[in-house]
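Here is what Swiss-Prot says about this protein:
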- 40: active site, charge relay system (ACT_SITE)
- 43: active site, charge relay system (ACT_SITE)
- 38, 63, 64: Zn(2+) 1 binding site (BINDING)
- 93, 96, 99, 107: Zn(2+) 2 binding site (BINDING)
- 175, 195, 200, 262, 263, 264, 286, 287: NAD(+) binding site (BINDING)
């Protein structure tokens with residue numbers, strides 16, 4: 001079958017031909033319709049330090065997708081041929097303390113689809129049926145293909161009660177923009193997103209965010225004053241991994257504020273911890289999605305009117321995958337969809 005693989009320990013992704021995956025007793029065989037390119041896939045393409053330590057070569061990559069069930073393992077219940085599905089990209093062990101307690105998103109033995117085992121950039125994918133999520137009929141293939149990153153946004157945004165709150169989102173990548181849109185949709189008062197990438201800030205404006213701020217040109221405290229905010233942000237969603245952005249967030253949080261961190265900062269990031277202590281801030285780390293509460297919330301948010309369509313900016317045939325990766329690597333894109341039909 002046709003697949004996009006990391007064939008060499010160097011920059012690039014290559015189209016290749018690989019055997020179809022074998023279906024296990026507890027698995028689903030999924031015919032891929034559409035996939036989306038993730039920031040992780042760009043890291044793998046670039047063959048950065050993380051990728052060199054993590055990714056086996058050769059391997060089919062990718063973990064954002066929607067497809068159709070075409071094969072069902074003999075032990076599987078609850079699915080039928082023709083079901084339209086996406087899937088949780090973190091495959092968990094089922095036997096550690098967190099898994100047994102129902103906190104599978106905190107499994108210490110997680111294996112990543114397209115990271116530690118073959119991924120979805122292929123005509124067919126096999127995953128455990130436990131990881132599959134049926135897509136409601138009124139959600140498009142395009143939106144279903146970005147459920148994985150949308151889940152990161154939803155998990156982060158819904159970590160805290162947002163109704164009537166003032167929310168700061170640092171980092172206007174696709175996940176940050178989606179998190180800001182979720183916050184606005186569920187009843188936050190002011191949602192402010194910051195970045196230095198004007199293209200992506202304009203995407204945020206199209207999503208109806210209260211204020212998209214280019215911190216290279218505007219002062220965040222001036223924006224707060226413009227919005228009538230006198231005591232700081234109630235909730236912070238840190239999506240950038242940029243130390244300067246996190247320090248600004250700490251400066252502008254209200255006392256008792258709550259911060260959810262999805263962005264991955266450098267390991268040696270220094271901050272003024274006295275601000276955390278004396279402001280009484282609560283900081284929560286976010287990884288992946290809650291299984292499967294986040295997935296049901298994603299579907300419900302879209303069905304209740306959340307419009308994510310502006311975040312999808314580029315669509316290509318899989319044969320033009322290089323154009324898709326070029327768009328993602330340029331920083332001048334939202335989500336990029338690759339069609340396998």
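Please read every residue number as a count from 1 along the shown chain.
Note: Cβ is positioned from N, Cα and C throughout, glycine not excepted.
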Sequence-distant neighbours of residue 263 (NAD(+) binding site) in its chain (C-beta under 8 A, six or more apart): 170, 171, 238, 239, 240, 241, 242, 245, 246
Residues flanking the Zn(2+) 1 site, with Cβ no more than 8 Å from the Cβ centroid of 38, 63, 64 and excluding those residues themselves: 35, 36, 37, 40, 41, 62, 65, 89, 114, 119, 120, 148, 149
All-chain count of other Cβ atoms within 10 Å of residue 107 (Zn(2+) 2 binding site): 21
In three-state DSSP terms, the structure that residue 64 (Zn(2+) 1 binding site) belongs to: strand
Alpha-carbon distance [residue 262 (NAD(+) binding site); residue 43 (active site, charge relay system)] in Å: 17
Spatially closest candidate among 38, 40, 96, 99, the listed recorded positions, to residue 175 (NAD(+) binding site) (Cα to Cα): 38
DSSP three-state assignment for residue 195 (NAD(+) binding site): strand
Lowest local Cβ density among 63, 64, 96, 195, 200, which the record lists as binding-site residues, within 10 Å: 96
Residue 40 (active site, charge relay system) as reference: those binding-site residues from 99, 107, 195, 200, 262, 287 with C-alpha within 10 Å of it: none
